[in-house]
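Notes follow the structure.
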Amino acid sequence: MGALDWFWKAMGSSSERNDKKSKSIATGAGELVAELSALNDADLAARARSCAAGGELKDKSTFLACLAVAAERKLGLAPFHVQSQAVLRLLEGDVIQMATGEGKTLVGAMAATGFALTGKRVHVVTVNNYLAQRDAEWMRPLVETFGLSVASVTEKLSADKRREAYRSDIIYAPVNELGFDVLRDNQIISREQTVQAPADVALVDEADSVLVDEALVPLVLAGSRKGDAPTGHITNVVSRLREELDYTISQDGRTVTLTDAGAHRVEHELGIDSLYSEDNIGTVLVKVNLALHAKALLIRDIHYIVNEGELQLIDASKGRVADLQRWPDGLQAAVEAKEGLEVSEGGRILDTITLQELMRRYPTVCGMTGTAVEATDQLRQFYDLHVSVIDRNNPLQRFDEQDRVYATMAEKNKAIVAEIQALNATGQPVLVGTQDVAESEDLAEALAELGIEVNVLNAKNDEEEARIIAEAGDEGRVTVSTQMAGRGTDIKLGGADESDRAAVVERGGLAVLGTSRHRTARLDNQLRGRSGRQGDPGLSLFFVSLEDDLVVQGGEDDSLVFNPGEDGRIESKRVNAFVAHCQRVTEGQLLEIHAQTWKYNQLLADQRIIIDKRRANLLDTDPAWKELAQRAPQRAAELADVPEAAKVAAAREIMLFHLDLSWADHLELMDDVRESIHLRAIARETPIDEYHRIAVREFKELAQRAVDDSVETFNTVQINENGAHLDDSGLARPSATWTYMVSDNPLAGSGNSVIGGIGNLFR
Ligand code: ADP
């Protein structure tokens, strides 16, 4: 737990009471199972429904027993006592911590069924398409027993199919698809085009990933438009700058700053007076900064790869290629220019929403994960969520070895290879968690040279990954994977069919090795959790070097004395404690960045709510025609012959068009302001206040401008029985739209690059 230990201790009594209550209800359910097993499906469903009459779950024991009977009958899974407890905590709106392999999929489906029986529509939020589909199909027989409908929404589904799916009681969908549908639904011009039906509950799988790690990731809806290509000249000039002389990189590797000499050099080569002049600060300087950022901070094969002439981002928290992700437009173009690739069409951003903002739209949020406790502070601070820890069904048999610390990275790497070789020689399966794709590949190469066959997981698709990871527990396997690849898939000992289980158990189960400690203990524990499921034997072990980023960035301690052994290993309690300290420092920094970025996002989130309301009002009622006719009575009179319905639709389309355009402009402007605020902050102004002041002022103008522009269009555009001919006046909506996620952080921190830069200022 974090800095709020004292607080949680004080809170202990109430959560303990909840815990006791849940346990006794679950016990009560267990006693009813035998009796209810005698009921046929229809009677069972009726019994469960009667527990949920009036939109509230009354007799929870009976309700749980009905679900347990159905789960055993339809899925062949009789819920464990702890699973029933977990269901209750979810129904109370908590985030539950349940270890990997304890059966969260069933728990989630039972809780979703409970919510649905009380008339609530539930979105079960998954981390990818593959899991959405798998879980919906797996759990379908259970849900349908109670006369409820279930569907999954995945990337490939057409708008019509989605619309149908969203009408179900329970919808499994990856978080980005849910967000993209929200964004697309905010571009429609008549109500029947709406795709997503409102939901009451978000039940989030891998809750810490979605709600914390990726909370600040913006989902983006963009529309076609020729992009503003960044000038090759600036890229060229910047490519010749030298580290230390012309620019410096902060120690945490998150910000790069031009030195005075560097600035002079750029000014000289570009033939301009000053980068910081009023004329240049918002244009040339921004481009120079982007180019510099691309050159100095974004490293090929760590932050991105180049594949067939295209740039593909690597998702920092998963360490794998993120197909849907782009950097903010300017940065993407800057990296493309740096690599000499064709600069992709920019398009324009129509709308964006962060995962955090998306999740906060649901009246009820609850979730499940193997690692919630370490995210307690964030879940409380950002979502007002409480964490409930659910006991394991079988005691943990995994042995967590103390970190092995080495003086240098080279010595550490050598030790890792040697350890894998030793484990592999005994036939024990090994899963190695690396920090990034480049490291995975280096390691795989080193092992291949020793004749060890390795399965590397990084850039493959989710389904393929799931298949490989499911086999990671087989005898003699070595699997190398970046952090999250294949998450959500069970690793059974002896292979997916468990045929070699006895042999693997005898060899000690799955050994999980971490090639360094992660930015947070939570990420470490996610990796550890892949071993030791349901009472299986297992081993976890992390390697650390004093040259690791975490240690270099996390702190200094001159008083540390140590004598590395011949192989570079340092065996000292104080050094181990120091590594833990460095991790806590980094955790604190991440929390601070999150909190600060949240402040930046919050104002826009509030403004979006106002825009959403206005939009809904324009869509569902007819104020548009009235407003426009009042503002331009002469024009209204000219249209006397046009049928009423066509006039109303035309007015609506015009007002929606300008509302959406103004909002997109607003987002773009505020994005620029964020960047220049970062520059202004160097001049010691308080950036957040300044940002707020501008956002409020601009938002007021936005509203006025949207109306003024609508009146102007109303006066000039052709309107007849077919509605308003916006296309003829060059006011068409983009003919094509596409969606993507902005990389959660090119710099292995949190937030995107620009946000990272801002975060920095507050330390
Ligand atoms: P988690 O998501 O918590 O890691 P899963 O939902 O993938 O776990 O379930 C892990 C495994 O446990 C699955 O193979 C599932 O079939 C099995 N399982 C879950 N609940 C039960 C149960 N009550 N009885 C027997 N097996 C179960």
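Residue numbering: from 1, along the chain as shown.
In case you wondered, yes, glycine gets a Cβ from its N, Cα and C as well.
Since we're looking at a predicted model, the values are computed, not measured.
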Further ATP ligand in TrEMBL, beside Gly101, Glu102, Gly103, Lys104, Thr105, Asp490, within candidate set Gln83, Gln133, Gln526: Gln83
Model confidence over the domain 'SecA family profile' (4-574), averaged pLDDT: 87
Per-residue Cβ crowding (10 Å cut-off), top of binding-site residues Glu102, Asp490: Glu102
CB within-chain contacts under 8 A for Thr105 (ATP binding site), separation at least 6: Asp135, Trp138, Met139
Residues close to ATP site centre defined by Gln83, Gly101, Glu102, Gly103, Lys104, Thr105, Asp490, Cβ within 8 Å: Met98, Thr100, Leu106, Val107
Those residues of the chain, 6+ apart, with a Cβ under 8 Å from that of Gly101 (ATP binding site): Asp490, Ile491, Arg533, Gln534, Asp536
Count of other CB atoms lying within 10 Å of the CB belonging to Lys104 (ATP binding site): 24
